[in-house]
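Report on one structure; see the data block that follows.
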Amino acid sequence: MTQTAGDNPTGHEAWVRLVEHLGARGERRLVLVEGDRDSGLAWLRQLLPKLSPSPGIWTGPGDENPLAELTEVPPAKARDWLGRELSVVVWDGWQGNPPDGLAAIAGTLKAGGLLFWLMPPLDEWNRFADPDYRRTGLDSAEHHPFAHRMATILASDSDVIRVDARDPGRTLIPTLQAPDTPFTVATTDDQQRLINQLVHFGQGRRRRPLVVTADRGRGKSAALGIAAARLLQQGRERILVTAPSRESVDTLFHHARQTLGTDLATDDGNSLLTRAGAELRFLPVQELLTQRLAAEVVLVDEAAAIPPQVLEGILLGWPRVAFCSTVHGYEGAGRGFAIRFRSVLDRETQHWQSATLTQPVRWATGDPLEALASNLFLLSASGMASDDARVPARDIRIDRWFPADAPEPELAEAFGLLVDAHYRTTPADLRQWLDDPSAVSWCAWHERRIVGVLWGAIEGGLDEELAQKVTRGQRRIRGHLLAQSLASHSGFPEAAIQSTLRVVRVAVASPARRSGVGKRLVAVAREWVSEQELDGLGTSFGGSPELLAFWQSCGMNVVRVGFQRENTSGEYPLQMLAGSSPQGVELVDRLRGRLARHWLTLVPRHWCGMSAELLAAISDDLPATRILNDDDRRDLDNFAHGHRGFDFCLPVLRELGQVPGVMNWLRTRPELALWVGAVLQGRFWAEAQAAGLCRGQRDGEQRLRTVVRELLENGPEM
Ligand SMILES: CC(=O)SCCNC(=O)CCNC(=O)[C@H](O)C(C)(C)COP(=O)(O)OP(=O)(O)OC[C@H]1O[C@@H](n2cnc3c(N)ncnc32)[C@H](O)[C@@H]1OP(=O)(O)O
């Protein structure tokens, strides 16, 4: 049933009643205010005071805030509001609609909450020049399939309340039944089960790690806080909590405090001390790992945002560790985390337990706004499950694929594959994929299921003048990651002038991996690059030995290694290229030749944190151009037989890795890590010893002498 605001004398009573009934039912709603922005704002200025919303936010310019009580938040900062509870959001879509922020903000509304979204009429969204496109380099596109898709979903959702900004009195406002038992925010059964499980886990003797995953808004942090407090009350002496930031554990601490009640003796914000002297303490991740404080239990919150190798360090360092993370979250990191971290857990420990929270806390199950946000941004998209039967390689076909034209279930399956496989895939990526006119995609199919996806984007093609400016750091170009980076960091303007297809993402479903699907997808993209007469195919990713091996098997070569580790994966960015046109092939050679020449100087300065395996694999990938002369050979011979000191020979030992065949030979030796640490990375002996590479200088030197002796006797021709 619906009624119009115009049917009642004040025009506002139906809205007030709606909010009351929504609150009682535990639901929220989207109110789409379509058309003329000024009229829409004028209407909101009249309506909002009657709804007395508190707290609430407004994403438009400060001087147009429709209600003084609303906090002003620019759309790009909306994600910072995750975890808060709001009654009203007035989202000024005319200022821009960053998908991650919009998706996040929908999760902050509590039961009875309304999300007012000011926008042009739905049938104009396809052409609406969203100001947020400027941030992503999409502003030149004439059509916006992502916005068009959203408009189609909204138009067919009967729970969306559509307001014509020029005629709000005619809005059809749903008249909802109030339920017999009103919705209340209370500990859900799911939370209670998790609290019990955590308490049992924290008291138990068995050291099986626990992995907790929950959709956003399921009360995970509250459950963790309550369980931590109970464990302290029941005799545990120290529980450590870590997370990517202190703010991430605000809610956890709040609930721990409340549960401790009168047992709480002191509270300095980061540490709660009970009267019995037990402690709940927050430590940032790095401090946790360096301080190594003894604790019976470690709780890692928002674990998806912490690099897997750091999680591995925590796993090995304490007896009971619970890793907790949000999945289907707006950060997009969640499920990818669960999948990637599972392989670490499987490697380190046979037995680990998992727990999942599915019941929402701040709203009722079945709330229409949650379902809508999930549809709009594919928050629950999932690819083929990892435990599905293996897919036979012979029955797979690869076709060009157009995400903007794909039926919704197909799009969800393909995007789900990216979310599952990649560390961080967010709603903003979905928009980029659909809207970028330079995007080119292929899917690998097994029968009617998508088992692999490759998403590429054409980059570069700049004119000479702009390319020079990019190289000199005077201009940055958005949406051209590889071209920008090779021009400005490696210093080659040609990289921005040439046109390259960059593989933005490639993913193969677990049941189809290691049967050549990934390689075939890349091969099809390379063929296309050649047909289109582009200059090359490139890729940029968080470097790991496995991915380097994959890209090498696809015929790509290392052209650049980033200095700074990526925040998301904790890995160093690695960029690889395969030239296609003659000038493309020449550029690849020049980039690699230059990197190889600079390699030995750069390694000790920038890549001391890189694993020996990866560093050796990159060294091996680069062109080996050094040739030993008789003086070098004499030095090496004397070193091998103990007649000459390590430091005198270090320069020639370093260069040895660039002699053809030597690095490849060294990679098969057990002394590789010591070689990389002491020779390439230039670690002092005490450091090498602390890192477990040797038992001290004498041992380290002796082992290196032995390797060099064997190299001279049985290694490749030098
Ligand atoms: C820009 C980017 O997207 S980088 C990120 C790449 N994507 C991801 O990391 C997502 C998760 N991973 C995946 O989806 C897949 O593992 C992919 C896409 C990396 C590889 O797809 P697959 O179909 O499994 O690779 P494929 O079978 O074609 O492998 C070809 C060769 O690459 C190498 N290779 C592939 N995976 C690995 C691995 N995990 N370890 C070592 N070598 C590997 C091998 O030499 C392999 O040949 P082989 O199986 O005969 O030994």
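The backbone N, Cα and C atoms fix where each Cβ goes, glycine too.
Per TrEMBL, the features are as follows:
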type	residues	note
BINDING	Gln191, Arg362	ATP binding site
DOMAIN	396-592	domain 'N-acetyltransferase'
BINDING	Val506, Ala507, Val508, Glu546	acetyl-CoA binding site
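Positions of TrEMBL features highlighted on the structure.
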residue: Gln191; record: ATP binding site; contacts (Cβ under 8 Å, 6+ apart): Arg218, Gly219, Ala222, Ala223, Ile226, Leu357, Gln359, Val361
residue: Arg362; record: ATP binding site; contacts (Cβ under 8 Å, 6+ apart): Glu85, Leu109, Lys110, Ala111, Val185, Gly217
residue: Val506; record: acetyl-CoA binding site; contacts (Cβ under 8 Å, 6+ apart): Gly452, Val453, Leu454, Trp455, Gly518, Leu521, Val522
residue: Ala507; record: acetyl-CoA binding site; contacts (Cβ under 8 Å, 6+ apart): Gly383, Leu417, Leu418, Asp420, Ala421, His422, Gly452, Val453
residue: Val508; record: acetyl-CoA binding site; contacts (Cβ under 8 Å, 6+ apart): Leu417, Ala421, Ala444, Val451, Gly452, Val517, Gly518, Leu521
residue: Glu546; record: acetyl-CoA binding site; contacts (Cβ under 8 Å, 6+ apart): none
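Summarised as a single figure, the pLDDT of the domain 'N-acetyltransferase' (396-592) averages 94.
Whole-number maximum of the Cα to Cα distances across the acetyl-CoA-binding residues Val506, Ala507, Val508, Glu546: 14 angstrom. In this structure, Val508 are the binding-site residues from Gln191, Arg362, Val508 whose C-beta falls under 6 Å of some atom of ligand 1.
Of the chain residues outside the acetyl-CoA site list Val506, Ala507, Val508, Glu546, Ala421, Gly452, Arg513, Gly518, Leu547, Phe550 have their Cβ within 8 Å of the site's Cβ mean position.
DSSP assigns Gln191 (ATP binding site) to a helix in the three-state reduction.
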